[in-house]
Amino acid sequence: MKIVADENIPLLETFFRDFLGENGELYTCHGRNMTPEDVADADMLLVRSITQVNEKLLAGSQVRFVATATSGTDHVDKKWLKNNNIGFSSAAGCNADAVVDYVLAALDNMTDEHGIQLQERTVGIVGYGQVGSRLYDRLKALGVTCLVCDPFKEVPGGGITMDDLVNWSDIISFHTPLTDSGPHPTFHILDQDRLQRLRPGTILVNAGRGGVVDNNALKQRLQEQNDIIAVLDVWEGEPELDPELLDLVAIGTPHIAGYSVDGKVRGTAMIYQAACKYFGQPETIRFHEVVPAPSLRSLTMSEGVSPQIAATMALKAVYDIRRDDRCLRQAVRKHPDAIAREFDLLRRNYPKRREFSTLEVIMIDTHPAANDPVAGLGFRITE
Ligand SMILES: NC(=O)c1ccc[n+]([C@@H]2O[C@H](COP(=O)([O-])OP(=O)(O)OC[C@H]3O[C@@H](n4cnc5c(N)ncnc54)[C@H](O)[C@@H]3O)[C@@H](O)[C@H]2O)c1
Ligand SMILES: O=C(O)[C@H](O)[C@H](O)COP(=O)(O)O
């Protein structure tokens, strides 16, 4: 079998060795540059979000099965695949915990910098899928009030409209797919009108897809009234981004919210499982057998350290979101004429970030409290 894959999917040889056998071929290339010639004689195509999978890429090819090692699928023309009898699978939820870690790290950073108590604020979550529902669970465990807007799901509290969420939230976090049709399209769901209605001090987080927020309108609001706080992991038109908008946001990162080691390896494991099912192969490799051990396995807090301090220390030990923000700003400043290249390079060479759940926090002589922030953030506690 010939497999063509994005070079940024980890552990391909490990997972797909049974498919390749002795005479198979694994051809990898940069996902953005994948051509019809690359995939013409492939049986299986494995992509990430940067490859447009459509008739243009696949017409006339031998490909029988396509999988994307990502949660989002807006880069795939699923209807065309179905009409052409090509199997398809995504890695739904593979990196949802990584995105939740990212949002919590961003909020920790913003609450530190602006002296805000999360428990005194209302967080509006747009999209109650893999990411949104897990974000909700962790925020609730931290004792934070949440509102949810998801017209397609039954959600806690019954759910509210996007306009009510904009009116009532102090913090808004976007976790929807990017859609431009259907009853509730998400393209520019945060448009100029809604942006103008945000109260001063509102914190916006977009770690979904760039086009969910109207980037020009956001820039305008930030330029005219620099009174809201924006955290952007995703950008309209990426890998290009508007450097003026980057200058105005509080945290800007190169679409890495889901880039934990765990999320990426889980993504490969999930598309491997889907390929096994599609081609009737037995599964011989499991995620937990191949995922690397984290470099930092446990942190022991001294006697009497408060759960709040312990939680902040654990978070900062596992993930420094400011580093990601700094690297993007430095790259854009140094190479203003090659932003797209730098954006992709930062993603490709992303450091080995681990999910909060990989860290055990050992608390000595601390009585477990309601809404324990260490557990609430997602760390494992040993007392
Ligand atoms: N930045 C990153 O690294 C990163 C990582 C993972 C996912 N993502 C993006 O985040 C999105 C969400 O991820 P997920 O795993 O939770 O997907 P999901 O499909 O599990 O959940 C998406 C939810 O959004 C809801 N939704 C759709 N349209 C809506 C609308 N108009 N208003 C409110 N809710 C709406 C859906 O009903 C669904 O419950 C993905 O589609 C992907 O584009 C980004
Ligand atoms: O949809 C997803 O899963 C994420 O956006 C994912 O992290 C994107 O990463 P990429 O496929 O672009 O490497």
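Using N, Cα and C of the backbone, Cβ positions are placed for all residues, glycine too.
Any TrEMBL annotation is an automated prediction that lacks curation.
Together with Gln130, Val131, Asp150, Asp233, Gly258, TrEMBL lists one candidate of Thr176, Thr179, Thr202, Thr284 for binding NAD(+), that being Thr176. With helix defined as DSSP H, G or I and strand as E or B, the domain 'D-isomer specific 2-hydroxyacid dehydrogenase NAD-binding' (111-257) counts 54 helix, 26 strand, 67 coil. Neighbour list (Val131 (NAD(+) binding site), Cβ cut-off 8 Å, at least 6 residues apart, same chain): Ser71, Gly93, Ala96, Val99, Val100, His175, Ala207, Gly208. Among the recorded positions Gln130, Asp150, Thr176, Asp233, His255, the ones whose Cα is located within 10 Å of the Cα of Arg209 (active site) are Thr176, Asp233, His255.
Taking a Cβ cut-off of under 6 Å from any atom of ligand 1, the recorded positions Thr70, Val131, Asp233, Glu238 reduce to Val131, Asp233.
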